[in-house]
Amino acid sequence: MVMFPGNVLCLAARAQPSPPSLPFGLDPCSPRGEEEPGREAHADFLLAFPAPETALLLRPLRPSSKPQQEPQPPPQRFPLRMRLPCPLCLLLSCVFLTALAEARTCQPDAKKGQKPGCKSHAIISGFLSQDYFYPLYLDCLASFRTGMFRVPSPSSDSPTDLRSCVRVISDQCIPLPCNEDGYKECRDGQAQFTCICKPGWQGVRCEEDINECEDPKNRNGGCSQICLNYPGSFRCHCEDGYYIQPNRLDCKDMNECLLHQNICGTAQCKNTPGKYECECPPGYAYNATAKKCEDVDECAENICSQMCVNSPGSYTCYCDGKKGYKLSRDMRTCETVPDCLALNLEKNYELLYLAEQFIGIPVLYLRFRLPEVTRFSAEFDFRTYDNEGVILYAESTDNTAWFLLALREGKIEIQFKNELGTKVTSGGKAINDGLWHMVSVEELEHSISVKIAKEAVMNINSPRNLFKPSNGFLETKVYIAGLPRKVDNALIKPINPRLDGCIRAWNLLNQGNSGVKDIIQQKQSKHCLISVGKGSYYPGTGVAMFHINYNNSLTSKEDWLINMTMTIRPSTGTGVMFALVSGEKVPLALSVVDSNSSYSQDIIISIENVIVARLESNRLCTSRRVLLDLRVTRELLELTVDLHSEITYSGEHLSSLDQAMNGSVDTYLGGIPDVPVEATPVTVFYNGCMEVKINDKQLDLDEAISKKNDIRSHSCPLLMDEMLSSEAPDLFINLS
């Protein structure tokens with residue numbers, strides 16, 4: 001830059017109007033006026049520039065000692081002509097021209113760039129480009145109009161004095177054309193500028209932010225999860241449960257279970273990508289408020305088709321076994337227990353069933369009023385496997401005389417009482433073989449004759465009639481298969497009145513079966529099965545209960561003993577055969593259940609509601625009867641099937657059984673009574689034939705404490721395919 005000490009350069013264009021005048025000594029473009037006191041006198045001169053329409057005026061600023069005169073006309077301006085009042089000004093002009101010439105010869109080459117040493121070419125050459133610099137120069141001068149130069153401009157880009165109007169005209173970066181936020185450097189050029197942008201900015205003036213998150217070459221800005229764009233930059237963020245890695249790009253899972261040891265309370269904390277889970281055991285749900293696992297009541301969701309029992313962390317579905325339902329394989333729904341063996345349950349109304357009522361009351365009550373010449377007589381066909389029971393009981397209307405026809409140890413027994421005394425007589429062969437036998441009893445003039453198949457087996461002397469006529473008539477009450485109330489103590493020899501048998505073709509007091517057939521026909525429970533075999537039959541509708549003492553005093557090691565032998569032929573694949581019950585608990589149960597495979601069954605033993613032993617069997621539902629042996633002590637449980645399949649158990653649950661056995665237990669056959677459904681795994685009644693011996697004693701269902709009426713104590717239905725091979729050839733004869 002060319003500097004002229006003590007002078008101010010004035011750039012004026014002829015075509016432009018002169019700027020407003022400033023006070024003398026301040027405006028270099030105004031006519032000469034009064035000089036300020038104290039200023040040294042300087043020569044003024046005029047220098048014309050080669051540039052068209054442009055001239056440079058150099059004028060001294062000196063104080064005037066003379067009064068103010070009329071303004072002098074401005075000096076004439078001639079190209080390359082000077083008016084040099086003093087040698088100093090001439091020298092300065094030479095220096096300026098030399099710099100001007102140097103500036104013109106040092107203009108930068110468009111291809112090679114600026115020559116070395118040309119430090120001021122940008123400023124001087126700028127004067128030659130009046131289309132750009134001239135307006136800037138006028139703006140600069142305008143900023144120094146009256147009063148403005150006295151106050152420094154708050155902007156760093158504004159000139160601080162009048163001389164800077166020449167110095168800054170050629171700097172394209174003043175004022176700053178670049179975006180202040182986005183530029184890094186502003187580079188000045190010849191009538192142009194270049195904004196060097198910071199990373200993250202683009203555009204001519206660095207005014208455009210680069211969205212790094214949408215860069216197709218660097219997807220998502222290189223962030224593994226979330227990319228957020230900021231002015232001139234971007235930042236990677238992580239989703240919840242992750243934290244940023246040192247490379248500021250990748251996210252890593254945060255293990256909340258390690259960072260917060262008690263985050264799940266009593267539940268188990270499991271870390272997952274970006275999250276964590278509080279896990280509970282099956283059947284429990286996590287309570288986020290209490291931070292603990294709570295039992296889920298699955299039963300409230302009606303998850304079972306019939307009955308549901310909730311337990312801590314679990315549930316169990318039950319079915320009404322007493323109505324013939326069992327739990328399906330899905331352990332939720334119920335299904336009917338299917339028959340696995342077809343039985344011949346055909347009945348005939350002309351066959352009277354003698355065991356209709358378990359309590360021993362008669363199945364039929366008849367009253368006769370006949371002429372006095374009539375004597376007592378009875379004739380009928382009889383069939384049974386039972387060894388004891390009442391067939392017929394007759395008495396006078398005043399109860400002073402009575403007659404009993406019964407069966408004891410399979411043989412006919414007669415007891416009677418009349419006005420002369422009492423008598424007991426038995427004899428003949430055993431007739432409890434399941435075959436039909438014709439039995440007749442006839443009162444003669446001085447004796448009582450008993451015949452089986454028309455063959456006399458007993459002839460009892462009786463000097464007087466059994467029943468005494470009254471008012472010309474013989475009035476007699478007859479009870480079939482039972483005793484009237486309060487008669488048990490009057491018998492000469494007590495007897496169990498219950499008798500599982502059938503009679504047909506009866507003829508009482510020579511009156512035939514008139515009226516009796518109609519009574520029997522009206523009630524199915526009085527009808528007898530056409531064909532039966534030996535054994536006890538459980539139809540799957542009830543139980544029989546016994547009081548059995550299991551205490552064993554033979555050895556000190558065995559305080560109690562269960563030694564049971566069973567012969568079974570199940571008709572359905574599921575049912576409770578034997579059970580010990582104490583209150584609402586089932587300390588021991590032996591059941592048959594359908595196995596997972598088709599057409600086969602398992603034998604299971606349960607202690608309370610836990611299955612402790614399971615013995616798989618190929619098939620139990622066959623015509624062949626299966627032998628079971630069960631032996632249980634306080635230390636060992638043994639089960640044997642058909643003398644070869646064996647299973648043992650000596651686990652901890654035997655202690656529960658031992659505790660129950662030291663108390664009071666009831667023995668049930670064919671099922672369990674009304675106890676809570678969760679007391680034992682199986683509640684279905686047993687359906688089929690079964691004979692039981694416990695501790696070397698054969699159990700007779702007629703001696704049970706209680707028994708369902710339709711449980712047959714001594715008769716088991718035959719199979720359908722056994723009908724043709726029945727051992728009773730006279731089964732269908734003499735029915736009328």
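Any Cβ shown, glycine's included, is placed from N, Cα and C.
Quick look at what TrEMBL lists:
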- 169-207: domain 'EGF-like' (DOMAIN)
- CYS178-CYS195: disulfide bond (DISULFID)
- CYS197-CYS206: disulfide bond (DISULFID)
- 253-294: domain 'EGF-like' (DOMAIN)
- 295-335: domain 'EGF-like' (DOMAIN)
- 355-528: domain 'Laminin G' (DOMAIN)
- 537-716: domain 'Laminin G' (DOMAIN)
- CYS689-CYS716: disulfide bond (DISULFID)
Practice prompt. Please report how many Å separate the Cα atom of CYS178 (disulfide bond) from that of CYS206 (disulfide bond), as a whole number.
Written response: 6
Worksheet entry | Tertiary neighbours of CYS197 (disulfide bond) (same chain, Cβ under 8 Å, six or more apart) | GLY182, TYR183, LYS184, GLY203, CYS206
Worksheet item: Going along the chain, which residues at least six beyond the ends of the domain 'EGF-like' (253-294) come within the CB cut-off of under 8 Å?
Response: 239-243, 312-315
Worksheet item: Just the number: how many Å between the Cα atoms of CYS716 (disulfide bond) and CYS195 (disulfide bond)?
Response: 113
Fill in: Separation of alpha carbons, CYS195 (disulfide bond) and CYS689 (disulfide bond) (Å)
108
Practice prompt. Give the number of CB atoms, excluding that of CYS716 (disulfide bond) itself, located within 10 Å of its CB.
Written response: 23
Item to complete: Check each residue in the chain of CYS195 (disulfide bond) that is at least six apart in sequence and keep those whose C-beta is under 8 Å from its C-beta; list them in sequence order.
Response: PRO177, CYS178, ASN179, TYR183, GLU185, CYS186, ARG187, GLY203, VAL204, ARG205, CYS206
Worksheet, complete the sentence: Across the domain 'EGF-like' (253-294) the predicted model averages a pLDDT of 92
Discussion item. Return the count of C-beta atoms lying within 10 angstroms of the C-beta of CYS206 (disulfide bond), excluding that atom itself.
Written reply: 24
Worksheet item: What number of additional C-beta atoms lies within 10 angstroms of the C-beta atom of CYS178 (disulfide bond)?
Response: 23
Discussion item. Just to be sure I understand, if DSSP states are collapsed into helix, strand and coil, how many residues of the domain 'EGF-like' (295-335) fall in each?
Written reply: 7 helix, 16 strand, 18 coil
Worksheet, complete the sentence: Across every protein chain in view, the count of C-beta atoms other than its own within 10 A of the C-beta of CYS689 (disulfide bond) is 25
